[in-house]
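Colleague: Below is a structure I'd like to ask you about.
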Amino acid sequence: MKNRRLSCLKSARRIVVKVGSNVLTRDNSLNLEVVYAISRQISHLIDSGLEVILVSSGAVAAGLKRMGLSRRPDALPMRQAVAAVGQARLIMAYERAFEEYDRKVAQILLTGDGLNQRKRYLNARHTLHSLLSCHIIPIINENDTVSVEEIKFGDNDNLSAIIALLVNADLLINLTDIDGLYDKDPRTATDARLIPFVDTIRRDIEQFASSIPGTLGTGGMLSKIRAARKVNTAGIPMIIAQGSQPDILLKLFAGEEYGTFFIPKSHKLTNRKCWIGFTAKPKGEVRIDDGAVRAILRKGKSILPIGITQVEGEFGVGAPVELKNGTGQVLGIGLVNYSATDIRRIMGVHTSDIRARLGENPYDEVIHRDNLTITAEEAG
Ligand SMILES: Nc1ncnc2c1ncn2[C@@H]1O[C@H](COP(=O)(O)OP(=O)(O)O)[C@@H](O)[C@H]1O
Ligand SMILES: N[C@@H](CCC(=O)OP(=O)(O)O)C(=O)O
């Protein structure tokens, strides 16, 4: 495991670094020392040949003091106003800090529905690639000012995972206010122990982590584990480490063992499969029987009408849908070749009977393997 970690770090060329609010904050306002320390380390990493994309939280935290507030407001419009004020301060701080190293930065604010659609997802990818090719450091945050619940990424742990998939990163580093994942919530358990390596993120690993964040964070350790599961499934490793540890990024790349290393699956998913599985928003669900579950998980097959037992929701041709087994466990996400109405008419029948039911037979598969991303653990 140590060798795997070292070889992932040594071979990494493009990395995403996420910094949490609690790392960037002191006494309820932006901690400029940390902003400078992180900017300096990222500049060194770029000097050594790496491409770095920064996902930075801290807009709300940076806006609080500026607006004379002592804690996050409960009302959403007020939080959005605080974020609008704070984002300006945050990016100004990075702009100044990176200037010390002759580096240019770019601000990118994203909303979840901006990346749900394949076309916009590809546009965002082109923009990021262009910035990297011009040696500019993209600094990404959720566009909190316009983000309401339905279109949110949820938190920046998730956003950083989506970005790592989007740019096909070699590594995602999540810098937080604790030195890694513990086997219990260290705030409540004095005997909690640090886990240096996580091989497979099973349910028990999720249970270690609390979803309750620190004072200024969102999502807690649980959202970091979910982010790790996403990127690991796509073949990208992730490290959780403490952002306040001096020179933490440089130490990690020097091979020093800090934090928790989440070991990825050995094969990388294509960018298209990453989008289908982890960014597209499902419009409905399709349940399949045990035979179809075996066919897709063990034999890499497509979904045929015969294995489908139930359809939920109304969706059209090409929509992303969740694929579930008989007990409702999500197995993956796929793009359908038929509308929900037509799937209801052909479910349970042989492929040869599709024409009799629909008057045409444009596809044998309801979800072709090429348009299906398996996210369930059993998929190996
Ligand atoms: N099993 C665990 N291991 C480590 N930290 C945990 C665990 N469960 C909960 N936490 C808490 O999660 C917090 C980090 O989450 P969060 O506040 O959302 O950070 P950030 O602002 O960096 O995103 C830590 O301060 C820690 O107390
Ligand atoms: N977009 C918000 C941060 C949201 C978030 O996920 O925060 P954190 O858990 O500290 O990474 C902000 O800039 O304040």
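Note: Cβ is positioned from N, Cα and C throughout, glycine not excepted.
Positions annotated as ATP binding site by TrEMBL: Lys18, Thr176, Asp177, Thr218, Gly219, Gly220, Met221, Leu222, Ser223, Lys224. Positions annotated as substrate binding site by TrEMBL: Ser57, Asp144, Asn156. What TrEMBL lists as domain 'PUA' is 284-367.
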Colleague: What's the CA-CA gap between Asn156 (substrate binding site) and Asp177 (ATP binding site) in angstrom, rounded?
Modeller: 14
Colleague: Of Lys18, Asp177, Gly219, Ser223, which is closest to Ser57 (substrate binding site) if I measure between C-alpha atoms? They're all binding-site residues.
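Modeller: That would be Lys18, the closest of Lys18, Asp177, Gly219, Ser223 to Ser57 (substrate binding site).
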Colleague: For the domain 'PUA' (284-367), would you mind checking the mean pLDDT of the predicted model?
Modeller: 97
Colleague: Can you list, in sequence order, the residues of the same chain other than Ser57, Asp144, Asn156 whose CB lies within 8 Å of the CB centroid of the substrate site?
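Modeller: Neighbours within 8 Å of the Cβ centroid, excluding Ser57, Asp144, Asn156: Ser21, Ser56, Gly58, Ala59, Val60, Ala83, Asn141, Glu142, Asp155, Leu159, Thr218.
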Colleague: If you measure Met221 (ATP binding site) to Asp144 (substrate binding site) at Cα, how many Å is it?
Modeller: 21
Colleague: For the recorded ATP site formed by Lys18, Thr176, Asp177, Thr218, Gly219, Gly220, Met221, Leu222, Ser223, Lys224, name the remaining residues of the chain with Cβ within 8 Å of the site's Cβ center, in chain order.
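Modeller: Near the ATP site, beyond Lys18, Thr176, Asp177, Thr218, Gly219, Gly220, Met221, Leu222, Ser223, Lys224, sit Gly20, Asp155, Asp157, Asn174, Pro213, Gly217.
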Colleague: Cβ under 6 Å from ligand 2: which of the binding-site residues Ser57, Asp144, Asn156, Asp177, Gly219, Met221 qualify?
Modeller: Ser57, Asp144, Asn156, Gly219
Colleague: So how many of the residues in the domain 'PUA' (284-367) end up helix, strand or coil by DSSP?
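Modeller: Output for the domain 'PUA' (284-367) reads 27 helix, 22 strand, 35 coil.
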Colleague: Could you check the binding-site residues Asp144, Asp177 and say which one's CB has the most other CB atoms within 10 Å?
Modeller: Asp144
Colleague: Could you tell me which of these binding-site residues, Ser57, Asn156, Ser223, has the fewest other Cβ atoms within 10 Å of its Cβ?
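Modeller: Each of the binding-site residues Ser57, Asn156, Ser223 was scored by Cβ atoms within 10 Å; lowest is Ser223.
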Colleague: For the binding-site residues listed here, Gly219, Met221, which shows the highest count of neighbouring CB atoms within 10 A?
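Modeller: Answer returned by the neighbour count: Met221.
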Colleague: Calculate the distance in Å between the alpha carbons (Cα) of Ser223 (ATP binding site) and Asp144 (substrate binding site), and round it to a whole number.
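Modeller: With the alpha carbons as reference points, the distance is 18 Å.
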Colleague: Using Cα coordinates, what distance in whole Å links Gly219 (ATP binding site) and Asp144 (substrate binding site)?
Modeller: 15
Colleague: Hey, how far is Asp177 (ATP binding site) from Asp144 (substrate binding site), Cα to Cα, in Å?
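Modeller: Checking the Cα atoms of Asp177 (ATP binding site) and Asp144 (substrate binding site) gives a distance of 22 Å.
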Colleague: Where does Lys18 (ATP binding site) sit in DSSP terms: helix, strand, or coil?
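Modeller: The residue in question, Lys18 (ATP binding site), is strand (DSSP, three-state).
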